[in-house]
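Q: Just passing along the structure, written as structure tokens.
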Amino acid sequence: MDEMSNLTLDMDQFNYTDFMERPAVWGFFLNQIFTPIFTVIGIVGNCLSFIVMKSKTLRNKSYSHYLCALAVFDSLVLIGREVMVTNELLMYYGKPGVFVKFSATACKIFNFAECVCYLMSSWIIVCMAQERLLVVYMPFKKHAFTTQRGAILIILSLFIVMSYTQVFRLVMVTNNNSQCESIPELYTIYTALHVYFYQFCLIFTLPVIIVFVCNVMVLCKIHHVRKAMQDENSFSTRLTRKSNTRHKTTIMLLAISFTYIFTLLPLVFLSFVLIIAYKVYGAAAASLVIRATPWKDLLVVVSQINYGINFFIYVLSGKKFRVELRRVFNKERTSTFNSSKTRDEFMLL
């Protein structure tokens, strides 16, 4: 079974044993070493993010629901990735893999759940980018767009839609030689759905285009507003402070979106090049695929950063998050919560 972070090459007859040259193993072991590290750090960070976002101060914000859902699905992605890496390591040493005792039904459910989690992690970021665009361009109507109920409904609707797109896995996946793979008779159809529809379309191309366009528009708007305020010499310091605080939160959410793009882009680009090379040159491209395999393993490791780095983005770019993190774990309120400035800041978003 090929998960999102290990993009499938559509090579019906390709087998490394057919060639004298074999892939270098440094990428494989790099993946084996860093995946458990990223999994542990990422899950701990996501749990802390979830706790802070569910605190009394932040849980009434619409974006906290998106970030909580993102923490949950990112953690599930990391767990699924660790399962796959463990399976690869066991098979490398000639031992039974993780899926050896999986029934066909268990393989269907695991494959389906894993892919839905990847999709949710991608499209929740899309939802945040679109919400941020509306807030920045229509600040006086932000309370109509950023309600808790609306965020919850969007997340649930998104889960239903993403699940529907992966129903084909419940039909086409089975346990094939102790691996959760497609039914051999349906391999061609499954590969097309998995690689082109799921990986390139739903996981990367559509989300990246939407997120990138929204982020660029938001950054342009922020630049325009700041320039206008400077030109007018900002008649209201209070208004300036509120605008700057809103923009700081926006920048934090933009950082999450751009991290998603830049950590996945290299892997998708390399995989796309390899697929095109094989489609054009056939078996003649085998040597290129073999040489690129360890580098693809390295980029798989890089892509996993996306699912465990959000907590650190919050800490570095979100003052409110840091304050609330200290309050939650120190069990005390700082005096800043009593100032009008802090109250104003928490009323902004």
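The backbone N, Cα and C atoms fix where each Cβ goes, glycine too.
What you see is a predicted model, and the numbers here were worked out from it, not measured in a lab.
According to TrEMBL:
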DOMAIN    45-314  domain 'G-protein coupled receptors family 1 profile'
TRANSMEM  24-51  transmembrane segment
TRANSMEM  63-81  transmembrane segment
TRANSMEM  109-129  transmembrane segment
TRANSMEM  150-168  transmembrane segment
TRANSMEM  196-220  transmembrane segment
TRANSMEM  251-278  transmembrane segment
TRANSMEM  298-317  transmembrane segment
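Quick one: where do these features end up spatially?
A: Across the domain 'G-protein coupled receptors family 1 profile' (45-314), the prediction's mean pLDDT works out to 85.
Tertiary proximity for the transmembrane segment (63-81) is limited to same-chain residues at least six positions away from its ends with a CB under 8 Å from its CB atoms, namely 3, 5, 35, 38-39, 42-43, 46-47, 49-50, 53-54, 110, 113-114, 117-118, 120-121, 124-125, 127-128, 131, 146, 148, 151-152, 155, 249, 253, 256, 304, 306-308, 310, 314, 349.
Within its own chain, the transmembrane segment (109-129) has Cβ neighbours under 8 Å at 1, 3-5, 63, 66-67, 69-70, 73-74, 76-77, 80, 99, 102, 154-155, 158-159, 162-163, 165-167, 169-170, 173, 180, 198, 202-204, 207, 210-211, 214-215, 218, 253-254, 256-257, 260, 306-307, counting only residues six or more beyond its boundaries.
Long-range contacts of the transmembrane segment (251-278) within the same chain: residues 5, 7, 9-11, 14, 63, 70, 122, 125, 128-129, 132, 195, 199-200, 203-204, 207-208, 211-212, 214-215, 218-219, 222, 285, 288-289, 292, 295-296, 299-300, 302-306, 309-310, 313-314, 317-318, 321, each at least 6 residues beyond the stretch ends and with a Cβ under 8 Å from a Cβ of the stretch.
Beyond its flanks by at least six residues, the transmembrane segment (298-317) meets 5-6, 27, 30-31, 34-35, 38-39, 41-43, 45-46, 48-49, 52, 67, 70-71, 74-75, 77-78, 81, 121, 248, 251-252, 255-256, 259-260, 263-264, 266-267, 270, 325 of its own chain at Cβ-Cβ distances under 8 Å.
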Q: If we skip the immediate neighbours and take only residues 6+ beyond the ends of the transmembrane segment (24-51), which ones have a Cβ under 8 Å from one of its Cβ atoms?
A: 67-68, 71-72, 74-75, 78-79, 81-82, 85, 88-89, 92, 291, 293-298, 300-301, 304-305, 307-312, 314, 325, 328
